[in-house]
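Before any comments, here is the structure.
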């Protein structure tokens, strides 16, 4: 009864506080927010002056790399954890208020928030406190591989091994799950951001051109590939020639991007192989039969599943709607949180 | 005719059967691939490929894995996976979602601190109810009772409530109830008193139309005060020798009529409270005090003040709707 009263005033939320995107799932409503984790702040009165929140989300992302000196577009999350505590708190506060219905009551929801499996106690506490200061009444933590597996509709509670590889913006989480718990998990600080950085570095090294992060992201999404395919895609890119200092156009192919991405992709393959090595044989047999499931934005990189199939010799499946898997998994845990206990993580 | 066109035609032929396995098998044969080739490519065992082509879904792992398998297989054969998945959904029995808890039949696990909000809600509700009750009692009962057992005031306000217009009558009631002796001042003395007061007022200025209390008691003005100021009774000073002239000049009758709930306080020069009450709408209160004294009216807009029968313009004394009048 009191749960009903409580839910009347504030909807419980599940938050996938990702390095690249923040998704919010509201109890009974599904995913209600999907915005980039970017905040734009304006500095007033010099570098040590007042900071004013200018924009959050997609609007702030549009300012990345285009802002004047007094405006900073900040990504407060780095490698899956908080890099700027105050800005993260303000961003969360803004997002929570945006999905809050009632104008009469301040939002004070119960929140499930996901954390990378490799995050330290300090990093977890920072995420928890940041959510509490953003208005949460209670904060529960859930580890990303568990949320991703639930979101991908894997049989997490059964006595069978399920392997999930969640490639997010900042981290890659590999988890082997059985009987409602994580048997083995490994977190590698490689993700979409590292892909972008690898593309930027490659182009600077080989073309002598400087490109921005948004451009690198666009290249990755359009022609990025993890495995040599039969077709070669090309894309025209504009960057600043480092020798001339002038903007120049050039064309880059998917094979070059594949070469650029080799290093971060090897890190992911290494993490997967390492997880398989550490998995108990009985669960390994289950995984060999069912394969592993890819979730997260990184799973959308062309032929990444093909690369993992070739490298591991196991079936690989890309989950349906991989971008929202973690948020949906957190949401499912939220819907059933009153009956659950063991799936939540501790600080 | 290209390979793709051939595959599409073959798929259309078989689609009548609405079988996922048959469609996949047809597409595979059109591509000239064996089950072993598919197994090598997708790393599913030949048995699993065969089970899928025979629609033996019970031999395959969970539904989500099978769906992924169908998607991968369709991509390998370069055909659209969406219609195959639709057919698969129709063929496979509706599956209940995977459970998250290992043993859902066990007692619900109480999450940390989860019971505390319940207590907060219960206590909060009780507190709110208590305040509502207290407010109701205050509104309904308290104003009807006199602040203290003050017979004079009670009897004054009661008739006025019935006939608020008749303020003259109420003032007479006050006088009779205060058990003061009727004045017996000669006309000459009364005139003297009037002059004395008007002379004093000329110096003070705020109250211009004040008149002396003609019916002021001479013998026991101080004793009379407790009858109308029960909250802070003044110590009787029976030893004081009354000076008829001074007393006549000092005692003033103040009549306060209100059109809305108004708080009134009368205090003497030393700050001692002589009278304090909250008047209800329509009440008229007539009081007599030894001057000098001051009157504070909490809701000046709703109050009309008469000093010795003369109306006082409160505008000059009002600040923030609180009037403070000093009478000397």
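Placement of Cβ uses the backbone N, Cα and C atoms for every residue, glycine included.
TrEMBL annotations:
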type	residues	note
BINDING	A:19, A:20, A:21, A:169, A:170, A:171, A:217, A:218, A:219, A:220, A:297, A:298, A:299, A:300	ATP binding site
Secondary-structure category, per DSSP, in which residue A:21 (ATP binding site) falls: strand
In the chain carrying residue A:297 (ATP binding site), residues 6 or more apart in sequence that have Cβ under 8 angstroms from it: A:20, A:21, A:167, A:168, A:169, A:192, A:322, A:323
Maximum Cα-Cα separation (Å), residues A:19, A:20, A:21, A:169, A:170, A:171, A:217, A:218, A:219, A:220, A:297, A:298, A:299, A:300 listed as binding ATP: 20
Distant-in-sequence Cβ neighbours of residue A:170 (ATP binding site), under 8 Å, six or more positions away: A:18, A:19, A:20, A:77, A:78, A:79, A:80, A:81, A:116, A:189, A:191, A:192, A:193
Local backbone state of residue A:299 (ATP binding site), from DSSP in three classes: helix
